[in-house]
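Here's what TrEMBL has on this protein:
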type	residues	note
ACT_SITE	293	active site, proton donor
ACT_SITE	426	active site
ACT_SITE	533	active site, proton donor
ACT_SITE	562	active site
BINDING	651	Ca(2+) binding site
DISULFID	490-519	disulfide bond
TRANSMEM	49-68	transmembrane segment
């Protein structure tokens, strides 16, 4: 045997492969070559499949882009031409800022005026863009600083867009509507329209407030001070006790006063209220609201403020609220219930009856029709117009006059034979005329019913008092006349004058002027110079009696606007300055007997006792929404300030655009 060979010595070594001009560094070029080798290893079928899928994805992307571009063009055209509002641009479009200057008071520095900046974000609502209102040279919540150069550039863009399309006219920050028909709105409609010539004239100059208007502004600020300090965000101020009253719990006074602040040029107050609406106003709450009152005050106030400011926040809130009111129309007759819970959607009649009030179900049409026109949602307009047609066809009228109640189940008038122009019937007649005006004077059924009613009023309700032979409107109950006239009836002189302005019989103006004299005397003959809630007229000549008499239960004053409203219309139509003087007298009496030093105004119990008028500790929301607004418009030297040819006021004094301005 041979011995085993000795073990070989152990050697450590490293094998290195050298390649001239190359080094491995995990570079992209080497990875590309690796991918190319893998691609070459694929079969022809596999490569064809990949080619096909890639081409298909590219084609889909291209078609999607074309579709989005067409959709944006259609949206822009519809927004500007059909809805007559500033378009909202999707985020695919390069962002632009359009600056609408808020209405300025005389002497204000334009650089100190707040601007309304349109910011195009991710929201996709069709309609006007979301506006952010903030004063210049301040930082907003998202950290964007207002810059003068950016504002100038944006304003230049705005002028370019205006020159190109000329469909929206901004006057004092207000969006003036071009002409439009009365057809139900459509989101896809592309009707050809053009701005009103009168609207263009309204833009030419701004008339600064005169001394009387400044007094109205001061009165508003005093009332607002009390509300802001003691009742902020609540429905009504109780100025004497420095507290608040809740009705719906929806900030009723604040919403009612929004457009008044805009019209008066109170930019800081408006901005603060707008912030509350944006952050605090929530309609998703378990609360019953009266359909009529909430429509004219809340829905009407939001729609009006949207039109004046162009801020889509108010339109979004209006549409939300309108949807929550719709369950009221789910009755067998389609005559809506008086009350609806906006949180649960449960509607019901009032506790004391199964009927609805005729004035209430026929005085929500302006607002719901306008909501349909703006949103393109037909159900709002269809619901209220069905009510109008139903009332038109009903029997039980007396020469155009309607009873006060209607049953929601049968759809028939109840309590027949009782006719009045006061509570529960008044605004039925008002909205016949105003719907006709709103729709461009095309709905003849409305104006025919209105004209028939005026003749019925003359025949059955009109009388003359003694000794001054004042013309007044009483009540008729089963053929028996009662010489009783609510202060609410003082809407009628203004309504008659408005009809004459729009081409109705000229002899209506004679009746309007006679009734206006009566309404003034209802104030002037009282010791405080303020009208009672209800007046009784003397029909028989007696030396020891005046024309106007007041019962103890009727001598309160609720700061109502109807007399001032009619003074505004009479002055606008006739130009007679005596109506301004009468209004000035009434404003001074409000300041003397209803003003509370700590802030706010209060309704009073006794208009016949100037020493003890007895404040009732309540400031109704309509004092800011209607009374002071009509005072300001009455004293205006500018006949185009909310022209009667461009706007129609709802029964809460919220201006809405006429669809086809004359």
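Backbone N, Cα and C define each Cβ position, glycine as well.
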Could you check the active-site residues 293, 426 and say which one's CB has the fewest neighbouring CB atoms inside 10 Å? 293
What's the most sparsely packed of the active-site residues 533, 562, counting other C-beta atoms within 10 A? 533
Relative to the Cα of residue 490 (disulfide bond), which of the active-site residues 293, 426, 533, 562 has the closest Cα? 562
CB contacts for the residue listed as 'Ca(2+) binding site' [other CB atoms within 10 A, all chains]: 26
Nonlocal residues around residue 519 (disulfide bond), in sequence order (Cβ under 8 Å, 6 or more apart): 487, 490, 493, 531, 562, 563, 566
Please give me the CB contact count at 10 A for residue 490 (disulfide bond), counting all chains in the structure. 29
For residue 533 (active site, proton donor) and residue 426 (active site), determine the Cα separation and express it in whole Å. 14
Give the distance between the Cα atoms of residue 293 (active site, proton donor) and the residue listed as 'Ca(2+) binding site', rounded to the nearest whole Å. 10
Could you tell me the C-alpha distance between residue 651 (Ca(2+) binding site) and residue 426 (active site) in angstrom, no decimals? 10
